[in-house]
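Trainee: This is the structure I want to talk about, given as structure tokens.
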């Protein structure tokens, strides 16, 4: 079965990191690994550059700031979003509504396998509207999302 084409080529990708991801590398490394957020962003930037894709990234511990950044993405011509909503995955109708409101396709990413964790982490308010969900691959899940975007929807 062929993937549903997305009208716009993915020349511009926004990566959104939710709450507490600024603590990566030191926060519960047995769950989230030792890789820092700066390391993840650098790996993504290198992969994006090699693929001819413009990449921006943003992290916030505040739901409203993430909503504002999603809304701004529309006027910036962002073609695709990679989002790790972190704890907001399980609570935020606001993020879901913002993503629906801008109608930019997105992939949801989680470092850990949320389905092997506490039951409250099994539900996502974003997953049913996402192009895909990647979880449990550690920081490499972000690269998998970017690789999918480039391979299926075009680079620069």
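Just so it is clear, glycine is given a Cβ too, placed from its N, Cα and C backbone atoms.
So Swiss-Prot lists these for the protein:
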type: SITE; residues: 27; note: site 'Transition state stabilizer'
type: ACT_SITE; residues: 32; note: active site, proton acceptor
type: BINDING; residues: 84, 90, 97, 111, 112, 121; note: substrate binding site
type: ACT_SITE; residues: 110; note: active site, proton donor
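I'm curious about the neighbourhood of these features; can you describe it?
Mentor: The local packing around residue 27 (site 'Transition state stabilizer'), expressed as other Cβ atoms within 10 Å of its Cβ over all shown chains, amounts to 11.
DSSP assigns residue 32 (active site, proton acceptor) to a helical segment in the three-state reduction.
The number of other CB atoms found within 10 A of the CB of residue 112 (substrate binding site), across every protein chain shown, is 18.
Residue 110 (active site, proton donor) falls within a strand when secondary structure is assigned with DSSP.
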Trainee: Based on Cα distances to residue 110 (active site, proton donor), point out the closest of the recorded positions 27, 84, 90, 97.
Mentor: 84
Trainee: Around residue 111 (substrate binding site), how many other C-beta atoms are within 10 angstroms of its C-beta?
Mentor: 23
Trainee: Taking just the CA atoms, what is the gap between residue 97 (substrate binding site) and residue 32 (active site, proton acceptor) in Å?
Mentor: 27
Trainee: Return only the integer: C-alpha distance in Å from residue 27 (site 'Transition state stabilizer') to residue 90 (substrate binding site).
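Mentor: That separation, Cα to Cα, works out to 19 Å.
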Trainee: For the C-alpha pair, I'd like the distance in angstrom between residue 111 (substrate binding site) and residue 32 (active site, proton acceptor), rounded off.
Mentor: 6
